[in-house]
Amino acid sequence: MEQSNYSVYADFILLGLFSNARFPWLLFALILLVFVTSVASNTVMIILIHIDSRLHTPMYFLLSQLSLMDILYISTIVPKMLVDQVMSQRAISFAGCTAQHFLYLTLAGAEFFLLGLMSYDRYVAICNPLHYPVLMSRKICWLIVAAAWLGGCIDGFLLTPVTMQFPFCASREINHFFCEVPVLLKLSCMDTSAYETAMYVCCIMMLLIPFSVISSSYTRILITVYRMSEAEGRRKAVATCSSHMVVVSLFYGAAMYTYVLPHSYHTPEQDKAVSAFYTILTPMLNPLIYSLRNKDVTGALQKVVGRCVSSGKVTTF
């Protein structure tokens, strides 16, 4: 009877991340904590980069854009999931599913391209430091950001209309916590193999383009670092690149599992776990990885906290 009611009033039913959990409210509290931490830490990162003049550099400008993407990215999926758990509902309309699908693809695609292009910034800073102000001018930075957003939008506008035009005449239950492409295609009563092949090629291209930029950039960086005579110069070069490489490995690795690894190697529970990792955990980890390993960011945070404490003391006095 419950399933019949959902069929009447909603186009899809999201089974969610809590369906098979032994302690759903504990998982709910954990995800809520991750969501709040992610939004707060990325917001703090954006504010610090905006107000501290020492962080007014191309690298931190691109990092602020990454933080903005992470805020929008996690906000596309998690609030709906948490509200559904509180309200004991699992319904999502066709329009809502389409919007979520489009925003997810756009933001994920934009982050893919931005992470790839950020490696170019590190390459110029380490391999061509004298030409850095020219090669990473304000105009170039805005072009990098525009290219990343454009690439994400193209991904969303290409895949969303095609995915959502298939007739979903099978079960309307989505065994997932958001409207992701692979799980939606499983509900179609048409043969989607040709589209899945095209999407596979598209995903490979989306991975290869930024991955080739990252590989070529870091190959040149490693060669330059190897030739450095000063140990301190090597340490600084490795420190500035290691955070980016950790973030790239986390994001790209999870995406490759979902969209490149053949479906025969997947299970629904594994898919949900991997998707939760790169849609929920990664946006929280990104600012933590960059801030904990970066003296400029931690210094800016300490400076702001010191000002707040000082102003509070003055007001109290």
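Each Cβ is built from the backbone N, Cα and C atoms, and glycine gets one as well.
Automated prediction, rather than curation, is the source of TrEMBL annotations.
If you check TrEMBL, you get these features:
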{"type": "TRANSMEM", "residues": "25-48", "note": "transmembrane segment"}
{"type": "DOMAIN", "residues": "41-290", "note": "domain 'G-protein coupled receptors family 1 profile'"}
{"type": "TRANSMEM", "residues": "60-82", "note": "transmembrane segment"}
{"type": "TRANSMEM", "residues": "102-120", "note": "transmembrane segment"}
{"type": "TRANSMEM", "residues": "140-159", "note": "transmembrane segment"}
{"type": "TRANSMEM", "residues": "197-216", "note": "transmembrane segment"}
{"type": "TRANSMEM", "residues": "237-261", "note": "transmembrane segment"}
{"type": "TRANSMEM", "residues": "273-292", "note": "transmembrane segment"}
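Against the transmembrane segment (237-261), stretch 273-292 has more CB pairs under 8 A than any other of 60-82, 102-120, 140-159, 197-216, 273-292.
Counted over residue pairs separated by six or more positions, the transmembrane segment (197-216) shares at least 3 Cβ pairs under 8 angstroms with the transmembrane segment (102-120), which defines the two as touching. Listed by sequence, the residues of this chain that lie at least six past the ends of the transmembrane segment (273-292) yet keep a Cβ under 8 A from its Cβ atoms are 17, 31, 34-35, 37-38, 41-42, 44-45, 63, 66-67, 70-71, 73-74, 77-78, 104, 176-178, 180, 243, 246-247, 250-251, 254-255, 257-258, 298, 301. Per-residue confidence over the domain 'G-protein coupled receptors family 1 profile' (41-290) averages 85 (mean pLDDT, predicted model).
Nonlocal intrachain contacts for the transmembrane segment (140-159), taken as residues 6+ away from its ends with a CB within less than 8 angstroms of a stretch CB, comprise 58, 61-62, 65, 102-103, 105-114, 117, 120-121, 181, 199, 202, 206.
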